[in-house]
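TrEMBL annotations:
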REGION    1-40  region 'Disordered'
COMPBIAS  1-19  compositional bias 'Basic and acidic residues'
REGION    134-169  region 'Disordered'
BINDING   Gln418, Glu474, Asp525  S-adenosyl-L-methionine binding site
ACT_SITE  Cys553  active site, nucleophile
Amino acid sequence: ASLEIDQKQFEPKGLETGKLETMTSESVGVQPDSAKEDSAEKPLNYLNSSQFTSELFKIEVKNFRPYTTVAMLKKRMQSLGLEPHKVKVMPNSWMAFVTFKNADQRDKALSVLPGHIWRGQALTAKLAKPKADPFGNAAAADSGQSSSTAKRPRLDTDTAADSKPAPLSAEAASELLRDAVTPLWRLGYEEQLKQKSQDMSSEVKQLTRQVAAVGGISAGSVEMMPIVASPVVDKYRNKCQFTVAWSPTQTDSVVVGFRVGRYRDGEADVYPPDTAAVVPTVILAVVRRLQALLNEPDMKRRAPPYDAKRHVGCWKAATVRCNSSNRTLLYLDIHQPFLTANDTSDETEMSLRHFIENRLQNGLLGDQDGCVASLHVVYTDHGGGEANGLWRHLGGDPDITETLGGLSFRVSPAAFFQVNTAAAEVLHNRIYSMLQHGESDSDNQSSALLDVCCGTGTIGLSLARYFSQVLGIELIADAVRDAQLNAQRNGIKNASFVCGRAEDTLPREANLLAETVSDLRVVLDPPRGGLQPSVLSTIRRCRSIRRLLYVSCCPRAARSNFVDLCRPASNKWRGDPFRLALVQPVDLFPLTKHCELLLLFVREPADAAADASE
């Protein structure tokens, strides 16, 4: 698991088109006063756009059972022949909002769902109001105009109508950015560790109470080890994702940096990353060079940055990766609909795509300060994201290489790799020591390691020398190929990797491993939200699994996973429960509030034997 500084822009809801000859940086990047007034008057104005938004086809579903997840509700609707586009289950309620791609699909849902019996409950469904555009809400609040959907603070009546926030000073902008990106920057590192240790201790207490509430075994006897510090506390991030936008402080100037504020709050200002202490010097150099290139007159005229307020523009994000040798990789997220709408057929001027790629190659590849060793672009559609975009390697090496624990790993543009390399090595050592807790190294001669959600194989390959066999399971095919390549380049013969869903792949692979080893141990390193219950149910039914090490960067979000592993056996949760035996905080993210937590779950041999006899 890893925490990324998420600076991606949000799903665009419209695209304004126009003639390339008349489009300038001013007309594209600066919202006219009339547009601001229109937004203030109509926070739902985006619904009148010619571009698709599923908010037009939205319903409210109620009366399903508690603890229903998005996946469960979506699967049920699909079984009824419905085609939900987006599903949002509201927390601590029995209500969800569901959108569809057209009126026919919405109307079909409204005819099928009301009265449908699901898990003993009769569902209800009705039309739902579309949500307001956050920027419309913010504009309405700033202008002092009323809106049925806009929330605004109380303002002085003499100044509310015409008041506009003054541009931030450089010092104020710097402080705002540091508060957003590195919220613990005012504390010394020892104080940061103390605060994180207290937070993790509180989280473990909450967890043990929930385990006790469901009847889990030995819920109160959990040992928490002292927090492990990161070897480095600043300039440690080997991957940073930046937003490209118009500067909030300089007219007609492009900035590459971190977005401060949230889209849902109507805030999207971007400030340079120079004062963010987690960003390495080599990445800052790339950002400055890229920013200078994007501020060239021809570039601003033909390819302005993406404007989240108006949903138009070219550049959405820039991601820079670096290794310990200061080699850098850059990939840029380009809004494909803008290129499609604004390309030129004029033979006197090269195509927009050719112009962009040619300028990037000439300006960013080479040996000068700020140039990169690997350059890529990804062309993404409306809301498509990087995973569904068209990737192009523009020049340099296809990837960069990083050394971790004496092994060499390929780091491709979209591959998962821990953002703090030095701390990742400490993390891997702690994972092994926890898997061995209370046992000797000789016990591993007949043990196998199952690395679930293995990514590019960093954990499994780092621990391969301690086990007779290592098997990694990963859903993303590109990551599996990277893992296989990493095993080959490091000469590791006892590790293999398979691509597939964990709940489908794990039973077969675990049974095959159980035929050759007497002890199967598991490392789970899922995304921050945790795993689907079906994966945990599958793990509990695998009789040969005795020890499980869960790597979590957000224990609160994954808490239900931990509870499910410890629940007493039942018709739903077959197989003997695990017992939470040990937890270990490891700080991978200095200067932030986040902390990695390792949780060791054990199932005694007697329990496994009883399970096998069922």
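Using the three backbone atoms N, Cα and C, a Cβ is placed for every residue, glycine included.
The separation of the residue listed as 'active site, nucleophile' from Gln418 (S-adenosyl-L-methionine binding site), Cα to Cα, is 11 Å. Glu474 (S-adenosyl-L-methionine binding site) carries a strand DSSP state (E or B).
The residue listed as 'active site, nucleophile' sits 18 Å from Glu474 (S-adenosyl-L-methionine binding site), taking the C-alpha atoms as the reference points.
Neighbour density for Glu474 (S-adenosyl-L-methionine binding site): within 10 A of its CB lie 25 other CB atoms from the protein chains shown. Cβ contacts within 10 Å of Cys553 (active site, nucleophile), excluding its own Cβ and spanning all protein chains shown: 22.
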